[in-house]
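Enquirer: Here's the feature list from TrEMBL:
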| type | residues | note |
| --- | --- | --- |
| DOMAIN | 38-324 | domain 'Aminoacyl-transfer RNA synthetases class-II family profile' |
| BINDING | Glu84, Phe85, Thr86, Arg112, Gln126, Glu130, Arg258, Tyr262, Tyr263 | L-histidine binding site |
Amino acid sequence: MKDNNLQKVRGTKDLLPNEYFKLKYVQKVAESISYLYGFLPIDTPIFEFTEIFTKALGETSDVIMKEMYTFNDKGGESITLRPEFTAAIARLFINERLQPPIKLFSTGPIFRYERPQKCRQRQFHQINFEFFGSKAPQADTEIITLGYHILNELELNDKIKLEINSLGDDETIKAYRSALIEYLNKYKNDLSEISRKRLEINPLRILDSKDNKDKELLLHAPNIDNFYTECSSKFFDEVLNGLENLNIPYSINTKLVRGLDYYCHTVFEFTTKDLGAQGAVLAGGRYDGLIAAMGGNKTPAIGFAGGIERIIELIDYKHKYVRPTALIPIGSYAEKYAALLAFKLRQNGYYIVWEYGGKTKQRMSYANKINACASLIFGDDELSDKKIKLKNMDTQEEQKIDLSNVEQALAQFKCKITEER
């Protein structure tokens with residue numbers, strides 16, 4: 001950091017109130033809808049042993065090779081800030097001996113060392129959903145339906161398109177892998193450097209390449225649907241039939257793969273053209289081999305995650321701010337009573353502010369500045385008569401009310417902060 005130059009770390013963002021409320025709104029919508037599908041809320045640490053992610057994500061993934069925030073702690077352990085949720089939640093599932101079937105919801109910050117650009121920061125937030133314990137295609141349909149439901153609640157379905165593909169079972173992936181290697185070997189020298197490396201280790205990752213020359217070569221590459229086993233075809237057909245039964249529109253993208261090693265069968269993305277290159281809003285799929293690969297019992301699973309900052313860019317949401325009630329005490333006894341009255345009203349959900357000290361005119365000016373809906377004005381004499389003056393800040397009308405009726409009188413202004421807000 002340069003001297004006397006206080007700056008945020010590149011790729012991070014401060015959240016001011018409007019953006020903070022938007023983020024919380026998306027989290028709240030996602031969480032409340034997840035409960036309708038039987039999900040339970042959990043959380044994991046924001047950092048894990050690095051091996052958790054290398055085991056789960058694969059040594060050749062972009063995340064492992066280029067994007068992780070990894071460091072050695074003071075004890076010499078290699079630690080990584082979580083670059084995604086699934087590996088950490090799989091670790092939790094194994095550690096805590098959770099019994100399937102179980103559905104888990106989580107949300108929080110994620111860290112990736114990427115080139116900062118619109119809707120892509122180095123610290124960002126996700127909503128995340130994992131369903132452990134079902135190998136039925138109906139589970140895939142339900143998970144996709146959950147994503148569709150959330151986007152519908154956020155009024156985004158007219159901006160979003162569901163793309164879906166199947167990677168098939170192990171036999172399908174093995175056969176397709178061989179065919180893809182055979183095809184790409186003819187153009188090995190034309191591939192990008194990273195795709196040449198992937199060709200030796202995991203050629204399916206080349207399908208996810210962002211390099212324009214790679215994309216051109218892939219136009220004529222074999223499609224995975226030509227290699228489906230009977231079991232893979234039947235599974236995928238049942239997922240699609242489930243979506244059609246619910247009138248959820250989709251398009252099949254045979255080049256769609258997820259960027260991580262643990263996926264099989266169904267993969268999907270809800271995408272938009274409104275965010276430029278960062279088109280994926282929600283994305284996920286099935287990962288039946290992950291838990292066993294990390295040392296647990298073989299457990300089928302499916303899930304997805306969504307980038308909250310990307311969703312925020314798309315939604316039209318304005319937080320409903322509650323206007324405060326201002327207290328304007330006049331006199332030493334009234335000052336003491338103001339603290340007592342504020343505490344009592346706040347305990348009952350009222351948004352109360354007052355400026356400590358100063359002249360009455362100053363305090364009224366402050367009440368206007370903060371857009372108070374009402375003011376409670378009281379001096380020592382009023383309090384001795386158990387009275388208080390209530391002023392409507394919009395109409396400027398004033399009335400004297402009994403101290404015992406303050407809450408009843410404030411009800412008309414809707415200045416309570418409730419859970420719904």
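Cβ atoms are placed via backbone N, Cα and C, with glycine included.
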Enquirer: Could you check what DSSP calls Thr86 (L-histidine binding site) once collapsed to helix, strand or coil?
Expert: helix
Enquirer: Using DSSP and three states only, what is Arg258 (L-histidine binding site)?
Expert: coil
Enquirer: If you draw a 10 Å sphere on the Cβ of Glu84 (L-histidine binding site), how many other Cβ atoms land inside?
Expert: 21
Enquirer: Mean pLDDT over the domain 'Aminoacyl-transfer RNA synthetases class-II family profile' (38-324): what is the value?
Expert: 92
Enquirer: On a count of neighbouring CB atoms within 10 A, which of the binding-site residues Thr86, Tyr263 is highest?
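Expert: Selected residue: Thr86.
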Enquirer: What count of other C-beta atoms do you get within 10 angstroms of the C-beta of Gln126 (L-histidine binding site), across all chains shown?
Expert: 22
Enquirer: Check Gln126 (L-histidine binding site) against DSSP and tell me helix, strand or coil, would you?
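Expert: Note: Gln126 (L-histidine binding site) is in a strand by DSSP.
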Enquirer: Around Arg258 (L-histidine binding site), which residues of its chain at least 6 apart sit with Cβ under 8 Å of its Cβ?
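Expert: For Arg258 (L-histidine binding site), the qualifying residues are Asp208, Val267, Ala283, Gly284, Gly285.
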